[in-house]
Amino acid sequence: MGLLSRLSKAQRQQIFGRFVLSWMPTLSYIMVAVSFFWLLALPHQDYSKRTYVSENALLPGSANVQFNWDDNLAAEAYRDTVQSIASLPSIERAQALEKQFAAIGLKSATQNYTLHTSTESLHGVNTYAVFYAPRSDGTEALVLSASWLSRDKTTNTNAISMLLALGKTFKRGSHFSKDIIFVVSDGEAEGLQAWLKAYHGNEENIYEHSEEPLRVRSGAIQAALNLDFAGTGDYNALGIFFEGVNGQLPNLDMINTINLISLGIAPVELTLHDELIPYTDNMTKNYLNSLRKMLYQMKYQAVGTPTGNHGLYLKYKIDAITLYGIDRPGWHSQRFNLFRVGVLLESAVRSLNNLLEHLHQSFFFYLLSDVRRYTSIGLYMPPVIILGVSFIFQALSLWGLSGDLPIELESLAEGDKDTPVALPYSRRSRNFKVASTTMGMAIITGAATFHLLTTEFGLVGETPMLKLVASVGVCSMLVLSAVSTAHVRNQIIQSVYVAQKSLPTDIDNKESSSCQDSNHVVTGQELTPAADWIMLKTLILALSALFVTTLSALNFSLAVSMGILIVLPYMAFRPSRWTVVSIVEALILLAISPPGLMMVASWWYAKDPSDVLSWVLREYEILGTWLLPTACFIYWPLNLAAIIMVLLPLS
């Protein structure tokens with residue numbers, strides 16, 4: 001009776017094991033589909049909520065502003081001054097602007113900086129001034145900043161003029177409890193980066209920095225507004241840029257404050273980024289517009305580059321956004337001039353001035369499908385976790401199939417009949433030497449590529465593109481050597497296995513008969529080892545799940561982009577009996593490799609590939625973005641291992 005119960009249990013386990021292993025690949029593809037549809041459903045109105053101010057102390061739009069038409073005329077006068085000095089050399093331009101701040105009555109100074117990267121040397125001069133609040137003890141401050149160069153690659157004339165006009169307005173006020181710092185940075189992002197580093201003085205240098213110490217200082221910076229108003233004309237709408245370095249986001253109340261002020265005391269049209277999309281009653285068009293805005297945010301976050309100078313503040317735990325003036329002639333909304341901009345900025349500063357502590361009540365992790373609708377982390381995180389679990393299910397399926405049967409049965413002699421029972425082990429060995437060696441060499445190759453790209457060797461004609469070509473050559477040699485070695489090893493294993501099967505088995509027959517006489521277990525012959533490609537693919541899928549799920553907590557958009565790119569090729573591709581199929585799979589994997597994606601990006605944006613590579617290097621060296629390290633240490637090694645996997649022998 002005991003043997004019958006053991007038999008029944010073993011058979012049930014065998015049936016269940018077969019069922020799980022046979023359906024697990026299908027379940028993984030179903031999970032991929034669920035993840036994709038979940039992500040596509042996020043922009044829908046039913047899966048987002050209206051934004052609201054969580055920090056009650058802000059009281060947006062409740063203060064009576066002092067910015068009047070005289071200040072507007074002063075801003076227009078400052079605009080002429082800024083235009084007259086914009087073409088001067090950096091040092092003369094900064095000194096002229098310093099005198100303008102000093103004439104208002106603010107303590108002002110300039111800062112020289114120099115930055116040496118692997119491709120260029122950058123030099124500039126920043127100008128900054130501080131309005132010391134009469135009711136402040138100098139421990140807290142707010143920042144208003146603008147760069148000389150707008151995102152349109154033109155002079156940021158109106159923004160700098162507005163800083164001067166606001167400085168004059170604030171000088172008349174006596175109700176501020178926080179100091180106001182005005183910063184006009186040189187260059188693009190490197191100028192403000194040099195100023196912030198000198199202000200905080202706690203950042204490790206990746207490359208050689210040289211910035212002059214600040215002569216005028218204030219307290220801890222609570223929040224910041226970066227202005228980008230190019231040209232000298234009026235605007236149709238105000239765009240909000242909020243993405244920081246490596247996908248960091250400011251507290252949602254920063255955006256909510258501007259949103260409420262724009263609906264009340266300073267009525268202007270708001271939009272996300274620089275996209276103006278007309279309102280429509282068509283539900284499908286509204287969904288597509290929301291999807292487009294959300295994809296814009298995810299694109300900026302995945303690349304890791306800030307969409308404005310506000311992103312540099314986020315590195316120092318300072319909530320900040322960039323306000324961008326959009327000039328679209330013919331747009332249906334009413335145009336507004338500097339007066340309305342000044343009212344909005346003063347009201348925003350007055351709201352931030354009310355803060356008793358850092359913004360913390362609202363969300364730090366969110367996706368925006370509209371300037372007034374958000375999706376919280378509780379809704380957008382599950383699909384990327386489901387995507388990671390689909391990798392695990394595929395890896396577990398391969399692991400089960402690489403061994404013996406799910407529950408292998410053997411015979412147990414019981415009287416005159418044999419009763420099948422479950423084997424407690426697998427008769428097929430799993431050799432991870434090839435898989436681990438291949439993955440290890442791929443990681444070493446990626447690390448060497450990173451070192452090669454970020455190190456200046458001082459050779460004649462040394463360029464980032466030449467270094468990348470050398471790295472691709474090294475990767476090609478790795479693929480060729482790994483594949484050729486695997487094919488030779490496979491031939492040797494098959495020859496040895498055939499030779500072993502042809503040897504006499506007298507000793508085995510004697511041992512088998514003695515086991516039967518003693519009522520011991522009858523064990524079968526050991527099976528051939530699992531194929532190397534199965535072990536390598538299992539390792540690739542497991543590491544992909546690890547990296548995608550871990551990265552989702554640090555940069556959701558980068559994890560989603562990486563997962564969407566690799567999930568179907570890594571799950572579906574495998575060696576084929578037909579060489580053409582394996583070559584096609586390898587070419588597809590090559591197309592989604594970092595060099596392949598770089599070529600696609602250069603074609604899409606009509607840029608030279610060397611310019612794209614130089615930009616990636618520059619962003620890493622100046623801002624510390626994660627795109628280059630992620631590509632070299634995580635994405636490219638997995639891609640190389642996948643290319644090797646599809647070219648390995650099938651058995």
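Every residue gets a Cβ built from N, Cα and C, even glycine.
Because the structure is a prediction, the values reported are computed rather than measured.
Residues or ranges marked as transmembrane segment by TrEMBL: 20-42 (among others). Residues of the same chain lying 6 or more positions beyond the ends of the transmembrane segment (20-42) and with a Cβ under 8 Å from any Cβ of it are 48, 291, 294, 367, 369, 375, 379-380, 382-384, 386-387, 389-391, 393-394, 396-397, 400-401, 406, 560, 563-564, 567-568, 571.
Here the transmembrane segment (377-401) has long-range neighbours at 17, 20-21, 24-25, 27-29, 31-32, 34-36, 38-39, 42, 47, 363, 365-367, 430, 534, 537-538, 541-542, 544-546, 548-549, 552, 556, 559-560, 563-564, 567, 570-571, meaning same-chain residues at least 6 beyond its ends whose C-beta is under 8 angstroms from one of its own. The transmembrane segment annotation in TrEMBL covers 377-401 (among others).
Summarising the annotation, TrEMBL assigns transmembrane segment to 434-453 (among others).
What TrEMBL records for 465-488 (among others) is transmembrane segment. Long-range contacts of the transmembrane segment (465-488) within the same chain: residues 434, 438, 441-442, 445, 448-449, 452-453, 532, 595, 609-610, 613, 636, 640, 643-644, 647-649, each at least 6 residues beyond the stretch ends and with a Cβ under 8 Å from a Cβ of the stretch.
Per TrEMBL, the feature transmembrane segment maps to 539-568 (among others).
As annotated by TrEMBL, transmembrane segment applies to 580-606 (among others).
TrEMBL lists 626-648 (among others) with the feature transmembrane segment.
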If one takes Cβ-Cβ under 8 Å and requires six or more residues beyond its ends, the residues near the transmembrane segment (434-453) are 118, 464, 467-468, 470-471, 474-475, 478, 482, 486, 489, 532, 535-536, 538-540, 543, 613, 617, 628-629, 632-634, 636-638, 640-641, 644
